[in-house]
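Down below is the structure, laid out as structure tokens.
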Amino acid sequence: MEKISVAVRFRPSIAEETAGERQWRIEDNRISLYKPLGTPISGISFAFDHVFEHSSTNASVYDILIKSIIHAAINGFNGTAFAYGQTSSGKTFTMNGSQLDPGIIPQAVRDIFDTTHMITDREFLVRVSYMEIYNEEINDLLSLGNQRLPVHENLERGVYVAGLREEIVNSADQVLELIKLGEANRHVGETNMNVRSSRSHTIFRMVIESSAKDSTSSVDAIRVSVLNLVDLAGSERIAKTGAGGVRLKEGKHINKSLMILGNVINKLSENGKHRAHIPYRDSKLTRILQPALGGNAKTSIICTVAPEEVHIEETKGTLQFASRAKSITNCAQVNEVLTDAALLKRQKQEIEELRRKLQGQHSEVLEQVILKQRNDMHKSELEREKLAMELEEERKSRQALEHHMGEQQRRIDYLNELLASNEARKVIQGTIHTHSSHEEMNSSNCMSQGNTFTTPILKGMPDQFVVKRSNYSKAFDASPLPENFMNIANGDLWLQLNKGFRTDLDALQMTPNIKYGAAHSNDTSIGTDLEEWNTKERCLNLASECRLHALQVDALKEQYDMLERKYSQLREENSSLVQTLSYSNHDVVLLKAQKDELQKDLNYEREKMRDLKEGIRLFGLAFAERECLLNSLYSKSKAMIEKFSSSQIIYDN
């Protein structure tokens, strides 16, 4: 376990300081803010591992802070160095530098190749990539076509950017040319605080693989380390930068990603027992830098600040960020690969024979040929991985599409069942309507016969007394009393009720109170009143039932129309999904064809490699044969000279 190394660097002051301003003072590795009269302000004092004044050079910063990380990366440790600070505080100058004062990145590149050339017992393979995070989108700076790249993670490679171009290199000059290409593709812009302001975070990555030269075992460990050199865009205040339009949008994304980086630093600086979830995935910057923040890497942070009083608040915020980052601990260890996953392991056996023959002439040309072959093979492998990921994503999308189509089909089946049940309801409604018409006809027949108690019954009635007590008994004061009830409902009525006849006693209860004598003499008029009341009651009941059925029919019609619309909509969605699935199948076929083409190209490159080996072998044989011929010619010439010399001596004698 080791803590992150944190340093602060002051850039030279742009404006002249006045006597009435607050000032930052440096005392060894401590930074404090002083009042105009020279007294320190309590609570604003910070201590760091290193503090660089405005007169310091990039070379001194590299030697003190970064060089140890570079040498550790050569020995198999992951390493990360990044510059943090407000806009126009000198981050890009610290990382890239100038021709007179090279920055950390060019110094690290030259140091890596100088050191690897001095190590004779190990063989190194270095590959580089250059990316930017612009508006939360990852773009490849070495290839303009690679934009909006995704971030993936697996056990073998850890966190990586899929589809990113990686170039195998063998010299520092080649790397610096690639960096120059990437800088030309980087997003920059002008603000009120900086003529050439970085509008994106850049990450320059070097992957260093090494293996022992004298090892013959096929399972020998290979060291694979990742070195990240990061130039962060600076935090901005709109009131100072005057950003608007595109610059304003860029500034918002920059501030958001830096805020998430600050949140991650805050969470990591908390006590382990009280530490909450670390939000690495909230930003692509923190996702890529996850191993460097509390993970398996050696990390150094350079916080650049401005000394002017107008920037005191921004400088204080940067120093607070650096102070929290100083308490983060990493667990760095040597990364050794025991499988064939490392690129060096896959290529070592193929170039071993060529390597032994590079001792003679044309070695430099053959080195370039081998480097080109390595790059071609690596690009083919990257393309294969990219195609594999695209096929996997296409497979997942196709499964999701098929699942969605299954859901749509189930919904369509459900709607068909609803439609069938709706048709059944229509049949039932027709039956009910026919039954109601039949009842109306029966009621009219009853009225024409003039007998209230001979209404035909459609169903067989049980031989028991069936009668319905009225709810209107309390509503009328003229309801018949029990003593004169028998005068109204005569004996015939009770006999028919006891045989199972159904009727309603409302007519009897709502009949006006009639005296005993009048009821006995007017039996015929009473029966007529009862008949009229039963007919009216039945008509009212039938009218209410008809209104209820009409409302139900209207509701069912609305539901049917709604289901019809849903059904048509689902059919359209189903047809569009089927069309999309057909397009996906076509894309899968195209991807398979592209994969076959790439496999053919790879086989062709392998054939060229074998032809090159065969050419070198034939060249060696021809050279050996020529050497033998020259040796024999030399022997013959020597013998002839000796013979000529001996004959000359005899002639002189």
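Even glycines carry a Cβ here, placed using N, Cα and C.
If you look up TrEMBL, you'll see GLY85, GLN86, THR87, SER88, SER89, GLY90, LYS91, THR92 marked as ATP binding site. Look at TrEMBL and you will find 334-411, 546-615 tagged as coiled coil. Annotated domain 'Kinesin motor' per TrEMBL: 3-328, in sequence order.
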State the count of C-beta atoms found within 10 angstroms of the C-beta of LYS91 (ATP binding site), not counting that atom itself.
26
If the ATP site is taken as the center of the Cβ atoms of GLY85, GLN86, THR87, SER88, SER89, GLY90, LYS91, THR92, which further residues of that chain fall within 8 Å of it by their Cβ?
ARG11, ALA83, ASN194, GLY234, THR304, ALA306
List every residue in the same chain as GLN86 (ATP binding site), at least 6 positions away in sequence, whose Cβ is under 8 Å from its Cβ.
GLY234, SER235, GLU236, VAL305, ALA306, HIS311, GLU314, THR315, GLY317, THR318
Cβ proximity for SER89 (ATP binding site), under 8 A, sequence spacing 6+, ordered by residue number, returns ARG11, GLY234, THR304, VAL305, ALA306, THR318
Same-chain residues at least 6 apart in sequence whose Cβ lies under 8 Å from THR92 (ATP binding site)
ALA83, SER198, ASP231
Which residue among the binding-site residues GLY85, GLY90 has the fewest other Cβ atoms within 10 Å of its Cβ, if you could check?
GLY90
Take the domain 'Kinesin motor' (3-328) and average the pLDDT across it for me.
89
